[in-house]
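Trainee: TrEMBL lists these features:
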| type | residues | note |
| --- | --- | --- |
| TRANSMEM | A:6-29 | transmembrane segment |
| TRANSMEM | A:36-55 | transmembrane segment |
| TRANSMEM | A:61-81 | transmembrane segment |
| TRANSMEM | A:93-113 | transmembrane segment |
| TRANSMEM | A:143-161 | transmembrane segment |
| TRANSMEM | A:191-212 | transmembrane segment |
| TRANSMEM | A:224-252 | transmembrane segment |
| TRANSMEM | A:258-279 | transmembrane segment |
Amino acid sequence: MLMQQLLNGVVVGSVYGLFALGFTLIFGVNHIMNMAHGAVFMWGAFAGLYAVILFDVPFPIALLIGAVGGGMVSVVLDWVAFRPLRKRGAPEFSSIVSSIGASLIMLSLAQQLTATRVMRFPFDIFPIVVFNFMGLRIQLLQLIIVGIVFLMVIGLLYYLYRTKYGRHIRSVAFSEQTSKLLGINPFAVNFQLFFLSGALAGIAGVLIGIVFNSVHFMMGEPLLLRAFVVIILGGLGSIPGALIAGLLIGIIQTLTVAYISAGMADALVFSLLFLVLLVRPTGLLGNSGAVARVTRI
Amino acid sequence: MMSFFHSYTPLFELALFNTLLAFSQYVVLRAGVFSLGTAAFAAIGAYVAAIVVTTYGLPFWIGIVLAIAIGAMVGALVAIPLARLRGVFQALATLALVQIVLSITLNWVDVTNGALGINSIPKTVGLVGLLIAVAIVTYFMAAIGSSSIGRAFDVIREDETVAVSLGISVVKHHFIAFVLSGAIAGLAGALHSYNSYSITPNEYGFNMLVIVLAMVVLGGRVSIWGPIVGAVILTVLPELLRGFQEYRTVVQGALLMASIIYLPRGVADTLIGAYRRRRIAEETSRMRETVTA
């Protein structure tokens, strides 16, 4: 029983990690708290869902469409909500407010589109295959999800630390001014950054939509609130931190729901956030020197 | 004329309630604290006030006093650990506070009646009561704002290093700001529960947090007029847009974005700034005339 719950926790937690990755990536480079990340996630899930409903595409294509959809929404968000502020050099307060506004608009449009319905992926989107392994019931879907998440994280780390583009991103994270002098185009960097972040959120959206079998306009809010806890626990801007903390939060939450009560889970998770902020605001893997940037792994 | 007032009483009451909440948010922002805890303090105030009257049968003014006191106390309790944090971290910690209070009010069913909320609270506060409360708080805020505390808030918000080098204690003033924010929000919550017959936990969640923040950003964070202007605009606007019910949130969101991008200082502060600049220009031109004459 305990092992089964742990397994469920790992699955949920890895999706939390995936969602939080995009969030922490943007924070690490631009120091923006993107409060509209939940809405991007939701639109990614919508893109995947509508692709499945309208064109009957298979699971991998739905994931891809969710990723591209989330990425595009995120890029537009950057153009509309953050770029004017960046140009002015506005304080971090402004970008939070602006992204809250953007999030309200995106949520409301989604609500109109779906008439506040809860929608579902078709039942046969993913075959139900169950393995029995040492008394554990493991679904193929769960394995695939954990696999996808780890692949995405490794891919992201490779992109950031082993390619030219990643070097550009890290350089802009270090200093946009210096990067410009060195001939790096911050416009292109931010485009990639927001697309990547949105794509990660979109994939997380499609996965969550399939796992919990529901897609609706408010689906991003609980994840966004969890993501705050995840990124603080993992260290703002730290990529491995986001993954580890995501897993941890997923496990804690699943165990609390299973053994204490569902209502306590939220209180416990947010008390944990409070506690981490008090004891170690830089998080598990954050670096207290630099305000935890993606330059530091 | 009287019928006009009568039919719009709920709207006036809502605007006054929102003004109180906006003051609670304003006082922390003015001191450079990025607290989002207003919704949590208001929830605590509302529940304290409702429980005092419904469970213990005490008169409502005891509820109001207790709500203010407990709001201030929670503000103080939060301020002590948060003294070490700044900016985004403060925002997240206070957001966590809102979530913690929300899940307590939802799950501590014996005391708070869970998701159903507390109903049939006798209505003891009307438009006049709210008006008096807003007048007192506005006076109090204006008095504090023009005292040394207000000046210290301004310096801390603009530059903490300068504040420290001037011998202003940042910790102490952040503490004051939190206590004031908690007390005002506690009062607002108490008045709301005595005014609206019932309270439910979800009224005091993320939505309230966003709307209250929007009011202060739109109105302005420095002058005392900011929260008032913001609260009035964001209360009246949804009524004017009633024909476009579905697009109300879109308009709210767009307004929030537009004001932070194009009017970063808020409506009231921008207008006051423009007025002052014009006065200075007039003064200088008059002086120039007298010199040439």
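Here the Cβ of each residue, glycine as well, is placed from N, Cα and C on the backbone.
What TrEMBL says about a protein is an automatic prediction, not a curated fact.
The model shown is predicted, which means the values in this text are computed figures rather than measured ones.
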Trainee: Sort out for me which stretch, of A:61-81, A:93-113, A:191-212, has the most Cβ pairs below 8 angstroms to the transmembrane segment (A:6-29).
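Mentor: It is A:191-212, which has the most Cβ pairs under 8 Å.
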Trainee: By Cβ distance under 8 Å, which residues at least 6 away from the ends of the transmembrane segment (A:258-279) in the same chain are close to it?
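Mentor: 5, 225-226, 228-229, 232-233, 249, 252.
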Trainee: Any chance you could find the range in A:36-55, A:143-161, A:191-212, A:224-252 with the most Cβ pairs under 8 Å to the transmembrane segment (A:61-81)?
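Mentor: Top-ranked stretch among A:36-55, A:143-161, A:191-212, A:224-252: A:191-212.
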Trainee: Under 8 Å for C-beta pairs, could you tell me which stretch among A:36-55, A:143-161, A:191-212, A:224-252 has the largest tally with the transmembrane segment (A:93-113)?
Mentor: A:36-55
Trainee: Using a Cβ cut-off of under 8 Å, list the residues of the same chain at least 6 residues beyond the transmembrane segment (A:143-161) that approach it.
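Mentor: For the transmembrane segment (A:143-161), the far contacts come to 10-11, 14-15, 17-18, 21, 25, 63, 126, 131, 169-170, 196, 200, 203, 207, 211, 239-240, 243, 294, 297.
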Trainee: Which sequence-distant residues neighbour the transmembrane segment (A:191-212)? Criterion: at least 6 residues beyond either end, Cβ under 8 Å.
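Mentor: Hits for the transmembrane segment (A:191-212): 11-12, 15, 18-19, 21-23, 25-26, 29-30, 34, 37, 40-49, 59, 62-63, 66-75, 77-78, 121, 125-126, 141, 145, 148, 152, 156, 159, 165, 169, 219-220, 223.
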